[in-house]
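Swiss-Prot has this to say about the protein:
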- 1-74: domain 'Carrier' (DOMAIN)
- Ser34: O-(pantetheine 4'-phosphoryl)serine (MOD_RES)
Amino acid sequence: MLDKVKEIIVEQLGVDADQIKPESNFVDDLGADSLDTVELIMSFEEEFGVEIPDTEAEKIKTVQDVINYIEANKK
């Protein structure tokens, strides 16, 4: 799953895949702004078939946070 998440991040943010680690923070480490994070969440929802409510999306700060949420809520 990490590889697919990385692929989406590379596509959305234009960062090098080598920069993306599980502990990478979207804003601090990968340079995402608030619009980028919204677009990332929408891409993760579409790719993995999960719904991430705004209240949960606000808690997702790192790559590992996304993976944990998807694994816990995948249908």
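Cβ atoms are placed via backbone N, Cα and C, with glycine included.
Across the range of the domain 'Carrier' (1-74), the DSSP-based residue counts are 45 helix, 2 strand, 27 coil. Summarising the environment of Ser34 (O-(pantetheine 4'-phosphoryl)serine), the number of other Cβ atoms within 10 Å of its Cβ, over all protein chains shown, is 8.
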